[in-house]
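Straight from Swiss-Prot, the features:
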type: SIGNAL; residues: 1-23; note: signal peptide
type: DISULFID; residues: C47-C340; note: disulfide bond
type: CARBOHYD; residues: N67; note: N-linked glycosylation site
type: CARBOHYD; residues: N103; note: N-linked glycosylation site
type: CARBOHYD; residues: N111; note: N-linked glycosylation site
type: ACT_SITE; residues: E135; note: active site, proton donor
type: CARBOHYD; residues: N153; note: N-linked glycosylation site
type: DISULFID; residues: C211-C227; note: disulfide bond
type: CARBOHYD; residues: N357; note: N-linked glycosylation site
type: DISULFID; residues: C365-C376; note: disulfide bond
type: DISULFID; residues: C370-C427; note: disulfide bond
type: CARBOHYD; residues: N401; note: N-linked glycosylation site
type: DOMAIN; residues: 427-438; note: domain 'EGF-like'
type: DISULFID; residues: C429-C438; note: disulfide bond
Amino acid sequence: MYHIWIKFLAAWIFLKKFNGVHVMQAKAPMYRNEPFLVFWNAPTTQCRLRYKVDLDLKTFHIVSNANDSLSGSAVTIFYPNHLGVYPHIDDRGHFFHGIIPQNESLTKHLNKSKSDINRIIPLKAFHGLGVIDWENWRPQWDRNWGSKNVYRNRSIQFARDLHPELSEDKIRRLAKKEYEKAAKSFMRDTLLLAEEMRPDGYWGYYLYSDCQNYDYKTKGDQYTGKCPEIEMSRNDQLLWLWRDSTALFPNVYLEIILRSSDNALKFVHHRLKEAMRIASMAREDYALPVFAYARPFYAYTFEPLTQEDLVTTVGETAAMGAAGIVFWGSMQYASTVDSCQKVKKYMNGPLGRYIVNVTTAAKICSRVLCRKNGRCVRKHSDSNAFLHLFPESFRIMVYANATEKKVIVKGKLELENLIYLRENFMCQCYQGWKGLYCEEYSIKDIRKI
């Protein structure tokens, strides 16, 4: 390592000075010296147990639950019927628990939630991702459009039944006020309960943050991918949620209409950019870790992402400074032995190799640029710089025999590789470290942890 640093220091005189952008400290990674993690959150237990198909997740540096199950010690996802008494209307039109949050007992919900958390996550030292997937309604009145407008209508009727003497205008204002108050209490108190019971977990809501940049279907070549200003403003109003979250879980799912297109990168980039913005404003001591949800196949299909779109999703997420990416999948992945083999083939091909490429490159950059005390982040978020192994310097080798399969990365950084990293990336130091290259130990910052 010493000779690498000598070369690195010698190269400084040829490089531009640091661009002066302040980067908030990050929470230390979930696993030591693993600045970028890839999780598997798909129900593929049947592949292993029923069809005897090993997807080789660990071989390709993927963090998964025991037996590749949907929930476990690495990541647990709570759907509406898994946590408490979540009031909602499901996709089939069935009513649950009073439908709207102001028509259900919060105390009853929290008591049931406590029981559910103890049952689903029995390990008190749980250190994984705790993801609450409540998508039926949004806590902000103005965001309940389309099919979610039913929650506004129900809230108006609820207020009218309680206060028939009020004018229609006052009823609407009261309905909005009471709905948002109750929705906030349900979401906030549920989060705080989970964090109190399993304090070492990374807790947050799936699809928070969002930025509503879905207009690629109508804009075509005019699509910019940028989050509408009104949606960014609405995200600012959710500061109460960001402050009580310990992780953010935006999604970067690609529909097949975006396959290998410029619009795909625009879509993903701006969603991540908004998530990183929110992560930096949530707390004063460190930026929240961001774990982007992605799919290894295009949304609503069983067609694997192209190599270009692996870069668009996994590569972009790592380069933007996220803590990791979570691959979600449906029951289709494990529905038959053929579907399991299809996932395995993709894992042993482009998907697995690219994951090894990015996770290894992120570790190398953290080591040589940030002394393992921070993660590498693009200096300019809109650039096209990626954390990739340099093909002229590294090779990914897969070895397999009758008993095991392993991946080995061979190679070493050359001077020009170091120069590229220094020119295009900067360090986001973990708590307790500061300096341009996270070289300074800070007792003051450690005390905040």
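The backbone N, Cα and C atoms fix where each Cβ goes, and this holds for glycine too.
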Between C227 (disulfide bond) and C429 (disulfide bond): CA-CA distance (Å): 28
Spatially closest candidate among N67, E135, C438, the listed recorded positions, to N401 (N-linked glycosylation site) (Cα to Cα): N67
Listed recorded positions among N67, C227, C427 whose Cα sits within 10 Å of C376 (disulfide bond): C427
Cβ neighbour count within 10 Å of C438 (disulfide bond): 23
DSSP helix/strand/coil residue counts for the domain 'EGF-like' (427-438): 0 helix, 6 strand, 6 coil
Fewest other Cβ within 10 angstroms of its own Cβ, chosen from the recorded positions E135, C227, C427: E135
N153 (N-linked glycosylation site) CB neighbourhood, other CB atoms within 10 A: 12
Rounded to the nearest Å - Cα separation of C47 (disulfide bond) and N153 (N-linked glycosylation site): 44
Rounded Cα-Cα span from C365 (disulfide bond) to C438 (disulfide bond), Å: 12
Spatial neighbours of C427 (disulfide bond), counting only the recorded positions N103, E135, N153, C211, C340, C365 and Cα distances within 10 Å: C365
Local backbone state of C227 (disulfide bond), from DSSP in three classes: coil
Distant-in-sequence Cβ neighbours of N67 (N-linked glycosylation site), under 8 Å, six or more positions away: T45, R48, L49
Minimum Cα separation from C227 (disulfide bond), reported as the residue among recorded positions N111, N153, N357, C370 that achieves it: N153
